[in-house]
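To start, the structure itself, in structure tokens.
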Amino acid sequence: MRRRWMAAVAVTVAGMLTLTACGGGEEGGAGQSPQAGAAKQVEVFSWWTGPGEADGLKAMREIFEKRNTGLTFFDAAVAGGSGDKARALLTSKLQADDPPDTFQGHAGAELQGYIKAGDLEPVNFLYDELKLREVFPQQLIDQISVGGQIYSVPVNIHRSNVMWFSPGVLKEAGVTEVPATIEEFVAALEKVKQAGKIPLSIGSEWTVVHLLESVLLGSLGTEAYNQLWTAGSDWSGPAMTKALNDFKTILSYAGDPQDDWQPAAKQVADGEAAFTIMGDWAYGYFHNPPDGGLGKTSKTDFDWAPAPGTGGTFMWLSDSFTLPKGAPNRDGAIAWLKVAASKEGQDAFNPKKGSIPARKDADTSLYTDYLADALKDWGSNKLAGSIQHGVTVNDAWRTAINEAVGLFQQSQDVAEFQKALADAAKNSGQ
Amino acid sequence: MTRMRRWLPGLLLVAPSIAAIAVFVYGMLGWNFRLAMTDQHDEVSEGKFVGLENFTGIWDQPRWSISVNHAIVFTVVFVGGALLLGWLLAFLMEKGLRGEGTFRAIYLFPMAISFVATGVVWRWLMNSGTGERAVGLNRLFDVVGLEFLQWRWFRDQDWGMAAMAIPAIWQMSGYVMALFLAGFRGVPEELREAARVDGCTEWKVYRHIVLPMLRPVTLSALIILGHISLKAFDLIVAVSGKQIITDVPAVFMWVAVFDSHDPAKGATIAAYIVIAVSVFVIPYLVWSLRKERRS
């Protein structure tokens, strides 16, 4: 009898222990969160784990540790392109009031959710202290300010409206000039189609949204495009109808959707497709030696131009770091933000990541080939914010746009598409 | 005291799991249904009770009807395919195949793989490139001269979800085979022999003796496959990600919660998934309870 009792108690206790372990596991997050009590540690949360970006982060980390000998850098990176998984984990950490010391986010409206939930502290004081308003372009400051407050420090700039093309295919199809307007683009697509190649390569549905933002910018013009994100914007007007019809025409020349943007870009690099519209991270993929990239030669195997109709405008997106409220090591986080904002930090990070610094005073000799072009345009062009990469719209709005585009790909109904986009704008506080 | 001694150890043994299930299963279920009946459409606001508004409103969204249709096509093809294939494999084994043990192991192996791993492999196999750009299965068709079989697989607008069911069939048919094999073995040889003595052909033996006796096994298999199918998420995300072309309720739920930041909508979809699964499970529970009582 006694043995049965003992067994029962033992099993019960074991069960309880398992239960409490379940409860405790939540806080562990990725299972390697910083040691309690190590106040000198700075936990930096990002999704930079791929080739290039992880090297860039390491370079910034070295500068950080050299400047702040008392602090250690804790890399809380979560793998996954564009940070889907990282952001899901971050959401649960923030809801549990267990923020990292600083986290990566796309600069702009994507941070609105965090701002509304009261998760972020404004960093205006840092902009004043480091005189950042003088080194970042004024339009960038305007586009990331929310009610006069700035909530993040942009580390890099990527360009979204880049048209990549295969010079060989264009020559074969008899396209002599790189198309600069939507009309010329459609004519070129038609010629390539006649020549029996894929006119335009696309990847999964988000790459089509990426295409949409460039077509909207090209068809509406920069002023009207930037107006779309302000109060009283016109999503139902005839200009938008025309832009969406352009989009439909262009999309009708697209090849079979590939798994993601890389296979789509590869079709261009391999001379199977003529054009693809993708952000400038594609440059690293085209240019870097195999394993990380395709090892192609720029200007001969692949070439680039602003997306049709968007010459003179730089559609930007940016990775930035934030200051969460209740960060365990606020001073450490501020020290990290200072490195991320500095010329030294940005010039160490960006050549490796394949992007350009947000600062205007970067060392131009570090940026060659495509990046030299981008840096020049960044300093002189008008700016517009990206949709798919979180500059102009918050997560909910972006998801609604993605949904509308996915449905449009099936229905091909422009009127319905326009209505869905107008509704998305209205539901998102316009 | 003696009476207490009799039931207390037993109760203590099951108490942790009762508590855990009460909190983590039924508590969470209740919490989810409560959330689904509020208008908490972002993470910060306090939701007000709105009754069944979310449950009816969601049918106005084009994406929802698409994802429900997809789930139905997927379920029909997957459950039907896995049952048929599993039955066929079990039938062949039962006929006294040489090296049965080896074959059994081979057909059961896919069960050991997670849906995510299966999905990654099949994403490549079901590449939609045709002609010169064909890879995976389309390439195989090309090589053996069956070009007409090439198609866009899960990227096909009408039948894409049927293609999506193929990896699921591949993975689960071995398991169904094991279930059916046990069922076949459970049919007493005497019954078959009696039928044969009465002049039944082999076909009739199966039609009138074996198949009716397999009904309970078929029902179990149907329920196991059905609930897996309605909750399908990992396989679909591994094959095609969060695209409308292969959208199902579980993927839509993820998008609603983590991308749209709309907890009430996510909870509504989750509630519908639970309801759909219980349509499968509850009749089974009732049936098995009755059977137990009878015996």
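Backbone N, Cα and C define each Cβ position, glycine as well.
According to TrEMBL, the features are:
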- B:7-29: transmembrane segment (TRANSMEM)
- B:68-286: domain 'ABC transmembrane type-1' (DOMAIN)
- B:71-93: transmembrane segment (TRANSMEM)
- B:105-125: transmembrane segment (TRANSMEM)
- B:159-184: transmembrane segment (TRANSMEM)
- B:205-228: transmembrane segment (TRANSMEM)
- B:269-287: transmembrane segment (TRANSMEM)
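Within its own chain, the transmembrane segment (B:105-125) is flanked in space by residues 89, 135-137, 166-168, 170-175, 177-178, 234-240, which lie at least six positions past its ends and keep a Cβ under 8 Å from the stretch. Proximity of distant same-chain residues to the transmembrane segment (B:159-184), defined by a Cβ-Cβ separation under 8 Å and at least 6 residues beyond the stretch ends, is recorded for 70, 73-74, 77-78, 81-83, 85-87, 89-91, 93-94, 104, 107-111, 113, 115, 118-119, 121-122, 126, 151-153, 210, 213-214, 216-218, 220-221, 224-225, 228-229, 232, 235-236, 239-240, 245-246, 248. Proximity of distant same-chain residues to the transmembrane segment (B:269-287), defined by a Cβ-Cβ separation under 8 Å and at least 6 residues beyond the stretch ends, is recorded for 29, 32-33, 36, 55, 58, 64, 71, 219-220, 222-223, 226-227, 230-231, 249-250, 252-253, 256.
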